[in-house]
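Visitor: The structure under discussion is supplied below as structure tokens; questions concerning it will follow.
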Amino acid sequence: MSEQLVTPENVTTKDGKINLLDLNRQQMREFFKDLGEKTFRADQVMKWMYHYCCDNFDEMTDINKVLRGKLKEVAEIRAPEVVEEQRSSDGTIKWAIAVGDQRVETVYIPEDDRATLCVSSQVGCALECKFCSTAQQGFNRNLRVSEIIGQVWRAAKIVGAAKVTGQRPITNVVMMGMGEPLLNLNNVVPAMEIMLDDFGFGLSKRRVTLSTSGVVPALDKLGDMIDVALAISLHAPNDEIRDEIVPINKKYNIETFLAAVRRYLEKSNANQGRVTIEYVMLDHVNDGTEHAHQLAELLKDTPCKINLIPWNPFPDAPYGRSSNSRIDRFSKVLMSYGFTTIVRKTRGDDIDAACGQLAGDVIDRTKRTLRKRMQGEAIDIKAV
């Protein structure tokens with residue numbers, strides 16, 4: 001269980017009210033104790049907040065009027081607002097969500113048997129992966145708990161209101177939007193706790209996935225804080241290529257990264273013994289059959305399934321998209337070694353909502369010193 005105290009950074013209004021979306025259940029119970037109330041009131045309010053997407057205390061009919069009045073004086077339920085919506089021809093929806101004076105992007109991906117929400121963890125990204133649009137926008141700041149879980153809350157409210165249109169409720173959440181989640185563990189972990197909590201969104205730990213590019217110290221801490229499904233952004237079969245396209249590899253190389261992954265798998269039940277490998281296919285960079293053989297050798301001791309991701313272009317990018325024939329040959333080599341290999345279907349590329357295309361609106365792109373410091377750091381992570 002993570003611990004994040006209710007501090008001034010949780011105060012979101014000029015009147016000094018606490019945003020209850022910033023609190024996991026443990027913190028919510030402490031909040032109600034401080035109000036002189038029984039802790040079960042926290043569970044009641046959380047159920048209203050997350051099961052019914054309710055942000056109005058007056059609508060919480062099993063809460064007495066006196067307590068509702070007290071809550072209105074000291075607290076609020078404020079999710080970030082959607083400022084723009086784009087709908088793809090394939091049913092994918094991308095929302096631009098206002099966080100202060102910036103925007104992040106959240107993507108809803110419906111399928112026949114599920115609906116996945118891709119959630120952002122930072123405004124921009126500090127890791128500067130060369131093939132990713134988000135990285136080219138620079139880095140501004142970490143998102144708070146309310147800004148992370150608020151993306152899920154806002155999407156659930158929109159989708160819930162649209163049930164008559166047949167939109168599927170959210171069944172899966174992937175921390176694969178803007179940012180590196182492991183560089184924001186103090187906010188990402190409490191948000192994921194709310195996703196898993198029965199009084200929160202009640203998702204299975206196998207249906208909440210965190211994706212990382214390889215912040216090794218933070219990955220080791222993650223396993224002591226929460227158990228969720230893990231995906232790793234590998235994208236290269238050797239250090240030479242990965243140093244170039246995923247610069248954090250210069251600090252934590254592939255061998256070090258995969259060793260940390262195996263340590264996480266030993267602790268985790270959510271992953272059922274194997275990790276998901278994400279591998280973006282860049283034309284004549286990492287997509288040759290020789291690269292496939294190298295990748296198979298590299299992963300022989302790491303139980304995994306492999307997702308091959310056709311690269312999604314963005315303006316001024318230095319790469320090209322691998323042809324279907326090159327992807328097919330690459331996939332067949334991996335399968336010949338016995339790896340479960342899936343070529344990910346591109347979704348939402350007509351609205352720039354596909355993998356690697358999220359950019360948001362990062363107002364301050366000048367924080368290069370902070371960005372460099374954050375590369376490879378697990379900053380001020382608390383675990384209890």
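In case you wondered, yes, glycine gets a Cβ from its N, Cα and C as well.
OK, Swiss-Prot features for this one:
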type     : residues      : note
ACT_SITE : Glu105        : active site, proton acceptor
DOMAIN   : 111-350       : domain 'Radical SAM core'
DISULFID : Cys118-Cys355 : disulfide bond
ACT_SITE : Cys355        : active site, S-methylcysteine intermediate
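Can you walk me through where each of these features ends up in the structure?
Guide: DSSP classifies Glu105 (active site, proton acceptor) as strand under the three-state reduction.
There are 28 other Cβ atoms within 10 Å of the Cβ belonging to Cys118 (disulfide bond).
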Visitor: Roughly how many Å separate the Cα of Glu105 (active site, proton acceptor) from that of Cys118 (disulfide bond), to the nearest whole number?
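Guide: That separation, Cα to Cα, works out to 9 Å.
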Visitor: Give the mean pLDDT for the domain 'Radical SAM core' (111-350) on the 0 to 100 scale.
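Guide: Computed over the domain 'Radical SAM core' (111-350), the mean pLDDT is 94 on the 0 to 100 scale.
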Visitor: Within 10 Å of the Cβ of Glu105 (active site, proton acceptor), how many other Cβ atoms can be counted across all chains shown?
Guide: 24
